[in-house]
Amino acid sequence: MANCCTKNEKTEPVGIKLEGNNIEQNIESWLDDHPEFVHSYFTRKASRTLIDSWLQSRSLRTPTPSGTPPPSGSSTPVRKISASEFEGRGILKPLVNVVDGQATFLSPSEPSRARSPHRNRKSRVELLQLDETELLMELVKDIASDLDVKCLCHKILQNVSILVNGDRCSLFLLQGPKDGPRYLVSKVFDVNAESKLEDMQGLEEIRIPLGTGIVGYTADTGEVVNIANAYEDSRFNQEIDKKTGYHTRSILCMPIRDHYHGEIIGVAQVINKRGFLDHTFTREDEKIFSKYLVFCGIGITNAELYERAQLEIRRNQVLLDLARTIFEEQSTLHNIVQKIMMITQTLLQCERCSVLLVDPSSKTLFSQAFDLEARDYLNEDDQTVVKHRSCSKTEVRFPINIGITGHVATTGETLNIPDAYQDERFDPAVDQASGFVTKTILCMPIKNSSEEIIGVVQLLNKLDGTAFNKNDENLFEAFAIFCGMAIQNTVMYENVNKAMAKQKVALEVLSYHATAPLEEANKLKSVPLPSIKTLNLLEFTFDDEMVSDQDTLLGTLAMVMDLKLHEHFNVEYQVLCRWILTVKKNYRPVMYHNWRHAFNVAQTMFTILKVDEFGKLFTPEEKFALLVACLSHDLDHRGTNNSFQIKSASALAQLYSTSTMEHHHFDQCIMIINSQGNEIFGSLSAEDYNKVIKLVEQAIIATDLALYFQKRAEFFKKAEAGLEDWSTDENRELLRSMMMTACDLSAITKPWPVQRRTALLVAEEFFQQGDLEQQELKSTPMAMMDRAKKDQLPQMQVGFIDSVCLPLYKAFTQMSPKLAPLKEGCRENKLQWQKLADDYKAQV
């Protein structure tokens, strides 16, 4: 077993010498020579921590000053993306966002999908044995399925070299706007049949203006140029030979055309014919070269279309990623504008960026100006982002119709100025004051979602010294849409925050003034409690006119104490007193829906709960919730119903689309319970508190008669069937809801004098609402609210009793005979109202 390694022995990759003092150097050298192994090892073995560390070391950073936390993402760095990357039809670099050191948009390394499947190519010797037609077809097959422009151009030149036996070949593609300066760009050059694509990587591209030199002449005129002696042609640049040491003799230069439109899209050039003494290209070379370039034109056009589609996809990805980045930060206007300016400067590679925001109140003034220079946050190497200081912000007030920014703000037109000092709208005094030298300007409006101009962004001086081009305009125009939305959202967010702050202050003030004073609570606390019987609280015939306001407070305390709810919920007596006083204080002095009505409803509920069938059925939580709901169910009632709130488009109707007043009553109830000194549920756990509050909410909302009509059929059915099991949550909620309605309408069951007096109060409140509808809404009120039809009140009461009240009290009597006084009182009052209605008819 001499060939085996022992457990403690170390093996080393072939070729690495782990000896001497240069172990690390040897390993690094070996890794440099074996990139496939490095990639494989890194993919299989690298930990998340290592990857994060690598990303951070190669991505953009934004360290903050020592001890100063970054302001809610406002210092989020921008990715080093340039709009020019979409110009040259190259592939974007990975995009990295390092807010928290994590990559958010890093494209995985993968082979180009544009490359054709691997195909065994024939050797030069094999190709030269084919006749012209076979050779041409073989070379066309070689390029037919390749959609990578650079790879395709390399193959074309290799094949051209074989076709015409040229020594060196180059290919230039025509670029630039049709209405502007155009130029030829070398995709690959100095290629021969033995060249490798890898050798072309990293070579600096050559740009030749259209019409310049032999290549430029061919592109401009479309003529074939076949030169036997390059040095005798004035268009040939001899300096290139001097620099490279290569001697150019013959040149064959031909245009490459778009097969679809016949337009010139590039130029192919072959240098030095091999195998001939005079090194001259023949007419036969021109012929076969021309045939092959027809197919090459098709291939290049297809490859460029594919590449543009891929770049458009990547461009959209970049825009979406940038949009996500700016939408992450909407806490303050300063932060969002700073992020927009940093992204803009990095995207369009410019020295300075300014944002001017239009005053929303006047629309004719700029109200805020922000300014940021690249040197404020870019390192000198221009590779990493380091936030030295935030953008400057100035509160300004000047008209929007002055200068370049004014022109853009008033017209909505984008201005691209290649020379600022040649534009009459530019004010040189600005440069003189700041010391900054403005050369080129790109100024664009910022619009909101309604297409209104809310600001202007101005970019100055591209870092490479060139003017802003159409590609810059197009890319930033798309990005500006997101900027407008982000600024608008941030302004709205700030306004909402201000409104919430004002609301909080208003609620604090309201809570203070709405809460009963502690002195009153202590005074009530000191008053001896009368008994339940003394106040006649156990009778369905209870008449609140017989008790004073003080007695209503004491009566409420007595009902809570009698049910021992204060003991079960561990409520301090002083807190209970103050809560009752606060509830009373928050009822408005309207004709009917006031504190007295709430007390009467609570008294009826208390009487029902004292009946054995109901007292044993409900838990202490349900009993307390029902009493609280009865006392609070009409808090802050304005003397108008839900219909009026909707018709008048009141603020309450905007808050609650259904059961408008009932939701408001509940909200007022919660505000009081949560006010300091009124926390009657303060001893409950969070879970128990939520349960009780839910019971209170269900009970208060149930007083909406619209909901009563939806649920009563089911309740009548269960009551008539003699349902004994009310233990399910659904049945218990239904029963509590019907009890709330029975108590809310209980005035209809009182002795006739009490019922008549109460009915007149209700009618007067309704008539007042009818008056408002006529005066303010210019509409005709329904009969029960029309003062002109007050004589019809008896008949309307009879109809109300028959359709709403009597069926409900019959159902409760079926559940418990002890609730029969409610039904009997309702029936007696119907007879009284019917008599009045008959008397009115007789008089008429």
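We number each residue from 1, going along the chain as drawn.
Backbone N, Cα and C define each Cβ position, glycine as well.
If you check TrEMBL, you get these features:
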{"type": "ACT_SITE", "residues": "HIS593", "note": "active site, proton donor"}
{"type": "BINDING", "residues": "HIS593, ASN594, TRP595, ARG596, HIS597, ASP634, ASP744, GLN797", "note": "AMP binding site"}
{"type": "BINDING", "residues": "HIS597, HIS633, ASP634, ASP744", "note": "Zn(2+) 1 binding site"}
{"type": "BINDING", "residues": "ASP634", "note": "Zn(2+) 2 binding site"}
{"type": "DOMAIN", "residues": "517-840", "note": "domain 'PDEase'"}
{"type": "REGION", "residues": "58-79", "note": "region 'Disordered'"}
Name them in sequence order: residues not among HIS597, HIS633, ASP634, ASP744 whose Cβ is within 8 Å of the mean position of the Cβ atoms defining the Zn(2+) 1 site. HIS593, ALA598, VAL601, CYS630, HIS637, THR703
Counting other Cβ atoms within 10 Å of each Cβ, which of the binding-site residues ASN594, GLN797 scores lowest? ASN594
Using all protein chains in view, find how many other C-beta atoms are within 10 Å of the C-beta of ARG596 (AMP binding site). 18
Could you check the binding-site residues ASP634, ASP744 and say which one's CB has the most other CB atoms within 10 Å? ASP634
Among the recorded positions HIS593, HIS597, HIS633, point out the residue whose Cβ has the most other Cβ atoms within 10 Å, with all shown protein chains included in the count. HIS633
Counting only residues 6+ apart in the same chain, whose Cβ is under 8 Å from the Cβ of TRP595 (AMP binding site)? ASP549, THR552, VAL583, LYS584, TYR587
In whole Å, how far is HIS633 (Zn(2+) 1 binding site) from ARG596 (AMP binding site) when you measure between their Cα atoms? 12
List the Cα distance (Å, whole number) between ASP744 (AMP binding site) and HIS593 (active site, proton donor). 10
Segment confidence, the domain 'PDEase' (517-840), expressed as mean pLDDT: 95
Determine, using Cα-Cα distances only, which of these binding-site residues is closest to HIS593 (active site, proton donor): HIS633, ASP634, GLN797. ASP634
Express in Å, rounded to the nearest integer, the largest CA to CA distance found among the AMP-binding residues HIS593, ASN594, TRP595, ARG596, HIS597, ASP634, ASP744, GLN797 named in the record. 23
